């Protein structure tokens, strides 16, 4: 002491960080101690976690990786991700969870990277924070787009909006399951850090000063503190769990910290600017180190730590749905919208009795009226891109919506299950019919509730029909039209008795609603900014609400209230339906609000004539106003007979769609889709749809079916090829590939053996060849611009074509002579066909189908108008007999393809296979070819033929094939799939697929087969090993496991044999090819953009080719291979 005589005890425990966790001061000394799960190190001051070495798990946007902090060992866990931001893990279940803000998904996988699954895929906008309650098996997340914190089970079920009020931009989230607390940051206009019980109760602000971008947040469970980073203030701070004793730990050298985690005595954080993971002492901020740098874009980061005791127990705490921690106990909670019937149980999870249903373009939501919180809940529906109109049917529990991006109308059960794509909008719940308007085609249509028996009801004098409602009680339908002369119309539900009921003081009449109680029709007008009503005949019109309606859109009525959506105020509102008073805002800050309906189970039961024997109708029974009550109708293309009840198919009709063709006698329609890159077929009634060609297509602009010879021909302007196949897509062959610029239309004349096509490349022309590509000749090459449609008039022995550039439809004889103009001008003709004495064509500019006399071009009429997106057109004539099949007898003596030609037939082989010397037979595969993968498929390129076309190898269940090799002895393909983490093999026809290595793989980037010794070798970038096994996967052995840093490609040099191994490479690493024929190694370098070689010792190095744009893989074709097949990576 100051007197220099007496001694005073020094309290070592008062110095922060003197002991890692617990400290007890004694007279003249101290004692450090550790909490459960830790042990005191030999220094008697710091604590070490029991168990395995700590691992840092971090998101890197395009992948998720692991790093050992004390050794900086760096391994890949998951790759090929879009934009992984937040992550967390479940240690005991060995799961990793992450959010992707590009896909707007929350995903999960095993900690070894296998079994990737979607957990939450709907209703997310920017899920920037994610946390796992590993004790009670719950998933929590923040979404700064929806301004919510939500919770669900680990599989995404029983989803609940936990916190939504006074939220701006919630970002980071951390859980303390033992204490039952949830912590989060919010960097909205008032940045803050808050906490609440994990059931959402007892919410409090614990820090709201000197914050700007509070990004990362973590909890030190042993130290009872929380740490956070602020990217704007460039600081790492800490505080007690209640926000007290706040202190800056590091305030310099932090350009842009993003996420943070803590373990033992260290902090670990990611930094966007330095693209690194860093560490420092959690007490002092000193001893800063770079754990790993030169990362792609480090995001969230976590460390693993032991699991704790489960408060809710093995039976979920007795809760029927969600068991959520609350302080030291728990609360039973219900998914959003479901009411709680007692302390433990929620109402029947299969049934909500009443809810408000509304569309928000990219999702469909509901607001339950069974609970008081009125929070909206996203219905889990797939691929909702632009939902506009809605309706519902309580009888079967279906909701229906239109999607104007996919041009479809879909349905699903109210809970999101059983999603389907029929076509429909307004629901006649009495007879189970769908009615809809289409402003693109200016039509009103109807079908059964499953989309079948579709027919056009009204198509004349429609400008821009918008909303539609049906009244099955009275047999009427009502619709709004906001074209040049806005109006509201009414007609019978069978299109009878059509009248205009409102035609004045309308601008954009949007929503319509029927109130059966008051016998009123309500509508919203976004231009007039009003909600009005009138009687069913339009009389007694009155303005109900005429103020504070910026842009009303959807409208519905239920019981005594009116509900509507408003685009501009981004809200859902309600008011009294009789007075317009008592206005309330039910939900706000909702972008892109569209239609709205009230789902309930109390719709009126109506006796109707269609309920007995379908009203006597063979197909559609439609309700109608009294006294008629009902009438029969037929699906489009089928005619109603004179009895007014029965429908029979028509025999002649033009069919228009994409590039389309109909093949009698089976009556199948064939079409190509250049967006999906497929050729498909179906029955003429739309059933039995199947894809016949789904690989190797780019832009299939022309399609023709040889109904006699049972072949399909097509042009592809993307690949500049003309191909042929059997009608089921088998035995596909490239017919013409040289001197093609942009082949477009195609037509066949089986009896003559001719194939005709147009080419509108730089030098447009019309060509002809045999249907086997023989005797090719240019028929017309002058005065052509964009020769689109092409048709053959067999009866008149003439060729007809449409040219969109010269704006003419012309004809010539079958040799291209006697050319003449039939119709001019035509605006932009595309498809062309013949039926009887007429030609029909589609026109892009006028959006119409036109018809004229095929010989004179006169008597032009418009068959149909207002048809946007018109493409090809083909005539269907069921009465026309098929001609003689030249290949009908024993397939013309051919083993594979028999193709007509002018003077007979010829035999041909599928692409890449040479015809044998007998001129009739083919082998099953080429002699010499290359094999390569493009992740989701394996392809083959034959070196026997000159077209060098890649052919799909039908190996099933490919997810992410990186490396492959071929065993010529057994004829098997070996490949690695890094999504499944397996090595598999299969025959080249896709059969016999089996997994040979299924355990202990992480990222197998290289594979090589030793076909002599019957072994295979592979590299594993995730485990940093090189291994070997027998070809059946047995006798596995690690060859190299040290001094490797992401080994990629591998090749084997078999003494006395030329090597043909497949080798692969990622990013800027190198891959090798060895061959003792030349005693040299060859490799490509994607960073230096070149191909090099050296001798087998790495000497005599030389550059072979430079520059090469990002080379990836390499192989070699020896001049005299000892086995026929070669592989390419």
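The backbone N, Cα and C atoms fix where each Cβ goes, glycine too.
Bear in mind that TrEMBL entries carry predicted annotations, made automatically and left uncurated.
Features as listed in TrEMBL:
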- 32-47: domain 'EGF-like' (DOMAIN)
- 94-136: repeat 'LDL-receptor class B' (REPEAT)
- 137-179: repeat 'LDL-receptor class B' (REPEAT)
- 180-223: repeat 'LDL-receptor class B' (REPEAT)
- 224-266: repeat 'LDL-receptor class B' (REPEAT)
- 519-561: repeat 'LDL-receptor class B' (REPEAT)
- 667-709: repeat 'LDL-receptor class B' (REPEAT)
- 710-752: repeat 'LDL-receptor class B' (REPEAT)
- 753-796: repeat 'LDL-receptor class B' (REPEAT)
- 797-838: repeat 'LDL-receptor class B' (REPEAT)
- 971-1013: repeat 'LDL-receptor class B' (REPEAT)
- 1014-1056: repeat 'LDL-receptor class B' (REPEAT)
- 1079-1120: repeat 'LDL-receptor class B' (REPEAT)
Cβ contacts the repeat 'LDL-receptor class B' (94-136)/the repeat 'LDL-receptor class B' (224-266), at least three under 8 Å, sequence gap 6 or more: no
Where else in the chain does the repeat 'LDL-receptor class B' (667-709) make close Cβ contacts, counting only residues six or more beyond its ends and a cut-off under 8 Å? 655, 657-661, 715-719, 725, 727-729, 732, 743-748, 750-751, 757-758, 771, 790, 872, 876, 878, 882-887, 898-900, 937, 949-952
State the non-local partners of the repeat 'LDL-receptor class B' (519-561) in its own chain: residues 6+ outside its ends, Cβ under 8 Å from one of its Cβ atoms. 356, 358-359, 390, 467, 469, 471, 474, 476, 478, 480, 486, 488, 490, 501-502, 505-513, 567-569, 574-580, 583, 593-598, 600
Tertiary contacts of the repeat 'LDL-receptor class B' (710-752), as residues 6+ beyond its ends and Cβ separation under 8 Å: 659, 661, 663, 668, 670, 672, 679, 681, 691-693, 696-704, 758-763, 769, 771-773, 776, 787-792, 794, 799, 801, 814, 832, 883-886, 896-897, 899-900, 902, 908-911, 947, 949, 951
When the repeat 'LDL-receptor class B' (971-1013) is classified with DSSP, how many of its residues are helical, how many are strand and how many are coil? 0 helix, 21 strand, 22 coil
Grouping DSSP H, G, I as helix and E, B as strand, the residues of the repeat 'LDL-receptor class B' (1079-1120) number 0 helix, 16 strand, 26 coil
DSSP on the repeat 'LDL-receptor class B' (519-561): how many residues come out helix, how many strand, how many coil? 0 helix, 24 strand, 19 coil
